[in-house]
Amino acid sequence: MEGKAEDVRLGANKFSERQPIGTAAQGTDDKDYKEPPPAPLFEPGELKSWSFYRAGIAEFVATFLFLYISILTVMGVSKSNSKCATVGIQGIAWSFGGMIFALVYCTAGISGGHINPAVTFGLFLARKLSLTRAVFYIIMQCLGAICGAGVVKGFQQGLYMGNGGGANVVAPGYTKGDGLGAEIVGTFILVYTVFSATDAKRNARDSHVPILAPLPIGFAVFLVHLATIPITGTGINPARSLGAAVIYNQHHAWADHWIFWVGPFIGAALAAIYHQVIIRAIPFKSRS
């Protein structure tokens with residue numbers, strides 16, 4: 001009973017996010033704003049905590065479900081001779097955005113609901129989580145994405161391989177520079193939204209903000225997909241791009257693959273800098 005009481009008191013998450021996403025941000029009754037301390041670069045104690053591995057498993061499962069639903073939706077649109085008979089590009093965008101909304105809501109209190117290496121990278125740069133946790137999250141996200149795309153291929157291998165497997169490539173008529181730019185700007189929008197929706201200062205001022213946090217994040221994913229599906233198929237999530245590329249495994253998917261890592265990581269870094277330095281006006285020296 002003593003262990004159980006401690007588990008409840010700590011929320012089963014002793015080494016929690018310094019500025020958690022969504023419903024995870026509701027665990028305090030103190031509405032007076034205090035700047036959260038920056039996470040240490042290395043936090044070895046996390047490796048001995050069940051909450052650390054529990055969070056990684058949550059990221060794996062969430063990314064698995066994200067790829068399963070989103071890629072399956074893409075395949076459903078691809079197999080139809082008439083796009084009017086399917087959900088179309090708008091439906092694909094809703095599938096990606098809606099799943100992110102649902103999964104951030106479900107996993108926010110466990111892992112922070114990142115579900116995207118670019119989001120994890122941006123939050124790491126802002127010192128919201130340790131390098132140890134960031135690397136672990138990214139590995140689990142990538143493994144979950146590969147498994148999710150693999151299940152879709154298992155359901156309908158011929159259709160999957162014949163329709164691009166949901167892999168991200170730069171569309172004909174666009175240059176690699178166009179694709180890179182689209183990924184940078186799209187990821188900037190997403191990560192900037194994540195920072196704004198989970199800002200501890202806004203949580204202190206407006207109690208409804210953490211409850212609504214998953215909604216603007218999912219809606220940002222939806223809008224970015226509407227804009228950039230015709231250009232790159234919309235990556236803005238290196239794990240999503242990696243999972244589809246590994247399972248599809250064709251040369252043209254790998255030829256452009258670097259864009260879907262470099263672009264999102266640049267976009268996430270720019271969003272982190274913009275939010276911390278411009279929006280929040282936190283000087284670099286206070287983050288050390």
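The chain as shown is numbered from 1 upward.
Including glycine, each Cβ sits where the backbone N, Cα and C put it.
Listed in TrEMBL for this protein:
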REGION    1-35  region 'Disordered'
TRANSMEM  52-71  transmembrane segment
TRANSMEM  92-114  transmembrane segment
TRANSMEM  134-152  transmembrane segment
TRANSMEM  211-231  transmembrane segment
TRANSMEM  258-279  transmembrane segment
Same-chain residues at least 6 beyond the ends of the transmembrane segment (258-279) whose Cβ lies under 8 Å from its Cβ atoms: 116-119, 121-123, 125-126, 168, 170, 176, 179-192, 194-196, 199, 232, 235-238, 241-242, 287
Contact between the transmembrane segment (211-231) and the transmembrane segment (92-114) (3 or more Cβ pairs under 8 Å, separation 6+): yes
Contacting positions for the transmembrane segment (52-71) when only residues 6+ beyond its ends and CB under 8 Å are counted: 12-13, 15, 46, 92, 95-96, 99-100, 103, 106-107, 110-115, 133, 136-137, 139-145, 147-149, 151-152, 165-166, 239-240, 243-244
